[in-house]
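Trainee: I'd like to ask some things about the structure below.
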Amino acid sequence: MSEAHVYPVKENIKTHTHADNDTYLAMYQQSVTDPEGFWNEHGKIVDWIKPFTKVKSTSFDTGHVDIRWFEDGTLNVSANCIDRHLAEHGDDVAIIWEGDDPADDKTLTFNELHKEVCKFSNALKDQGVRKGDVVCLYMPMVPEAAIAMLACTRIGAVHTVVFGGFSPEALSGRIIDSDAKVVITADEGVRGGRAVPLKKNVDEALTNPEVKTISKVVVLKRTGGNVDWHGHRDVWWHEATAKVSDVCPPEEMKAEDPLFILYTSGSTGKPKGVLHTTGGYLVYAAMTFKYVFDYQPGETFWCTADVGWITGHTYLIYGPLANGAKTILFEGVPNYPNTSRMSEVVDKHQVNILYTAPTAIRALMAKGNEAVAGTSRSSLRIMGSVGEPINPEAWEWYYKTIGNENSPIVDTWWQTETGGILIAPLPGATDLKPGSATRPFFGVQPALVDNMGNILEDTVAEGNLVILDSWPGQMRTVYGDHERFEQTYFSTFKGMYFTSDGARRDEDGYYWITGRVDDVLNVSGHRMGTAEIESALVAHHKIAEAAIVGIPHDIKGQAIYAYITLNDGEFPSAELHKEVKDWVRKEIGPIATPDVLHWTDSLPKTRSGKIMRRILRKIATGDTSNLGDTSTLADPSVVDKLIAEKAELV
């Protein structure tokens, strides 16, 4: 592909930043040569009830994987996110809520948030919730979702948030695995102008005979829609909080007490319950938020993620609030009621830092200048990308069109399992290359290894991305299945955390994530990441989105099968077919030319916007007898449509 353009650090950022390049290099060096000293100092970014004296006790050894940080310290997460700001900033805005309907919005100050969290903490206690109990949240994107999470942390309950788009089957599986005691939900959610039947889904999930632990369901009235009511079990939020005190002292928690379980889909079998603990997670969330987004006091931060994903946990709730930031909770979608909604929200709330996903960026990019019509976005200072590698063309569009070429982009690489960002630029320190996540965060030691686990020492290299030592935000185990934790992350390459991603490192030591290792093609002995070919395809001015899978080929081993979605107003033709193949040949080389072009107007995506490649692989190879779990798909009907289109290709 064409050589990346380099964007130097902007002068206006350089003059007022937490870390310039010299600071980054010095801090990073200390963080990897003396992690104990580094985190002993920076662990103090949060307030401790009992200060820690032990910083790090970690092992990646087979059979003895054990991760503990700050283990003899005690603290409370909600006190760090709320109480410690009250004396000086109690009247400052903590949460801005922007409803699905642009006419709906409200704010909560830290004082107001404190009162609501204390009341709901007491309401949870009234429902029998005690320290260590698991509480399941199945909520719309409303302030009460944040209030419920913070209330759990206040009383020492463990929350497990299930994205409100998941099916009753997916919800019941997570309730069963986590032994949750209480479910918190709403009558309905609202998204893109449509009602989401949350309470109905909970009722259905709880009919599963394997669900044996739920004693209460707390229901928030969001729309006032009709719901079935089970008097012995169901409780209205407004009634549960009406008569309780608004004083609730925070529970003193050990650093290694569980904070939350968040489920991520496993490649096989049941979902994995990723367990994060209290001290290390909060330190890492606060630290990465402050430095990666170069957060300055008084700024407004908007992470567009749902609270049901790790990005929503770390960079919508805990990271911003621990730093006393104003955080925006957005109920809607970026293109409703019109394509410029995201830009309108930026202007309306004078957003300084915007953090969104390549999927959203590409969807807006397909609409061209409509995405910014009638808006200035002049308040933006920093923009971020999360969820998957961002292709250079989408990066450039985001930078130029949304950001007016004024805001550096922090392209962040991390996972549910990592708790926070592992590789990303720092705005005041790192020259940017579109498509590269650039350099590791403090304390993170990435390496590239070959398939035998040998570390590739050369600066320029490509291989499997591993992390050589622990960091505070790392998950501690798979809930209830430590052996699965070891097998999944530490058995492929001994003594290393395997990310399951591939990456290449360039001459400047920058990392370029090439995609999941199982998304690597081997065509005539040439290894290629699917992300690289997809990037080349979406660089074509007529293509909105592309997904690449490999299919068996008698001669080449694998052939390249491309699913392609065109921009509005473009249509497939024999000329375009040839043009697209020639384009990839020019961008990457003949070896990367797709063998099959499958034109379609929609791809199978999970509700978080990730393309479900497993299904695309099966459709491409004609193996559609067992497509596995499709409960997490946003629109399951896409699958039948793709199968029908495939039949016409043959």
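A Cβ is built for glycine as well, from the same backbone N, Cα and C atoms used for every other residue.
Note that the structure is a prediction, hence the values are computed from the model and not measured.
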Trainee: Do you know which of N208, N335, N567 Swiss-Prot groups with R191, G192, G193, R194, T311, S524, R585 in the CoA site?
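Mentor: Candidate in the recorded CoA site: N335.
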Trainee: Suppose the Mg(2+) site is V538, H540, I543. Which further residues of the same chain have a Cβ inside 8 angstroms of that site's Cβ centroid?
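Mentor: So the extra residues in range turn out to be E393, A536, L537, A539, H541, K542, A544, E545, A546, I564, V580, W583.
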Trainee: Let me spell it out: for each of the binding-site residues (G192, G193, G387, P389), count the other Cβ atoms within 10 Å of that residue's Cβ, using every protein chain shown. Which one has the most?
Mentor: P389
Trainee: Where the distance is taken from Cα to Cα, which of the binding-site residues R191, G193, T311, T412, H540 turns out closest to K610 (N6-acetyllysine)?
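Mentor: So, spelling it out, the nearest of the binding-site residues is T311.
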Trainee: By CA distance, which of the binding-site residues (G193, T311, I543) lies nearest to P389 (ATP binding site)?
Mentor: T311
Trainee: Sort the binding-site residues T412, T416, S524 by C-alpha distance from I543 (Mg(2+) binding site) and give me just the closest.
Mentor: T412
Trainee: Taking the Cβ of W414 (ATP binding site) as the reference point, list residues of the same chain whose Cβ is under 8 angstroms away and which are at least six residues distant in sequence.
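Mentor: Sequence-distant Cβ neighbours: V386, G420, I421, L422, I423, A424.
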Trainee: Counting across all protein chains shown, how many other Cβ atoms sit within 10 Å of the Cβ of I543 (Mg(2+) binding site)?
Mentor: 23
Trainee: Please report how many Å separate the Cα atom of G192 (CoA binding site) from that of V538 (Mg(2+) binding site), as a whole number.
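Mentor: Their Cα atoms are separated by 26 Å.
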